[in-house]
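Here is what TrEMBL records for this protein:
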- 20-260: domain 'G-protein coupled receptors family 1 profile' (DOMAIN)
- 6-31: transmembrane segment (TRANSMEM)
- 38-66: transmembrane segment (TRANSMEM)
- 72-95: transmembrane segment (TRANSMEM)
- 116-138: transmembrane segment (TRANSMEM)
- 158-177: transmembrane segment (TRANSMEM)
- 209-228: transmembrane segment (TRANSMEM)
- 240-262: transmembrane segment (TRANSMEM)
């Protein structure tokens with residue numbers, strides 16, 4: 001096959017995604033202090049994005065060096081599983097943040113840990129089921145007319161994935177709107193109790209809204225173009241449009257470590273400690289609420 005520049009760019013993106021998220025996975029896995037629910041969810045997100053990056057690299061390698069229908073189904077299945085798990089992990093992090101604010105007194109309990117494991121099982125279980133569909137026979141290799149903009153996925157399969165994305169986005173939007181209200185109310189109460197100036201309340205609220213805007217804005221700008229095009233396009237659509245909308249979607253996995261992991265002060269401490277050679281896996285950390293991540 002002639003080398004497609006878009007495939008090269010996707011492969012490079014996959015390499016960057018893999019390196020970024022591998023750092024997060026290693027830090028969380030090898031640090032016993034990072035066993036709190038919020039770190040488990042961040043680890044799940046990083047693992048999903050790591051697999052997505054590896055899937056992009058493998059897809060490039062297999063398409064140009066080992067072309068095979070069976071291998072194509074495996075790599076596409078891996079990409080579907082990893083990207084679905086990535087989007088679902090973002091939803092679980094949002095749910096965890098919301099519950100940590102609503103149930104602040106009971107958040108650090110065994111019940112929260114159990115709930116976290118249940119969310120992880122559901123997230124990866126559903127993602128694996130979505131990824132296995134092409135391998136189990138739901139593909140368009142025998143009927144090209146049923147293909148979607150992403151071969152060998154069928155149009156119906158991609159519609160289900162797109163609708164699922166919109167449901168996740170709507171849930172995240174609703175939850176973050178509730179989080180914004182709770183943070184604003186808490187900031188107002190603290191300002192009254194400490195006899196602070198009203199401006200301090202608005203500064204805190206504005207910072208919270210700005211953070212939520214970055215989170216939702218990044219997620220929407222990366223995934224919405226591809227999700228919409230999945231509903232509108234079909235097998236006859238130009239491949240250029242598919243690449244032009246799919247590439248920004250991969251950038252979400254590139255930005256997730258910057259938003260959810262590297263901004264966390266505890267993870268920053270570990271990274272700095274590793275860089276200066278004074279890291280100890282048992283070093284103590286101050287417990288933080290997921291809303292601070």
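Glycine is no exception: its Cβ is also placed from the backbone N, Cα and C atoms.
In TrEMBL, annotation is done automatically, which means it is predicted and not curated.
Per-residue pLDDT, averaged over the domain 'G-protein coupled receptors family 1 profile' (20-260), rounds to 86. When each of 6-31, 72-95, 116-138, 158-177 is checked for Cβ pairs under 8 Å to the transmembrane segment (240-262), 6-31 comes out on top. Each of 6-31, 72-95, 158-177 was scored by its Cβ pairs under 8 Å to the transmembrane segment (116-138), and the highest score goes to 72-95.
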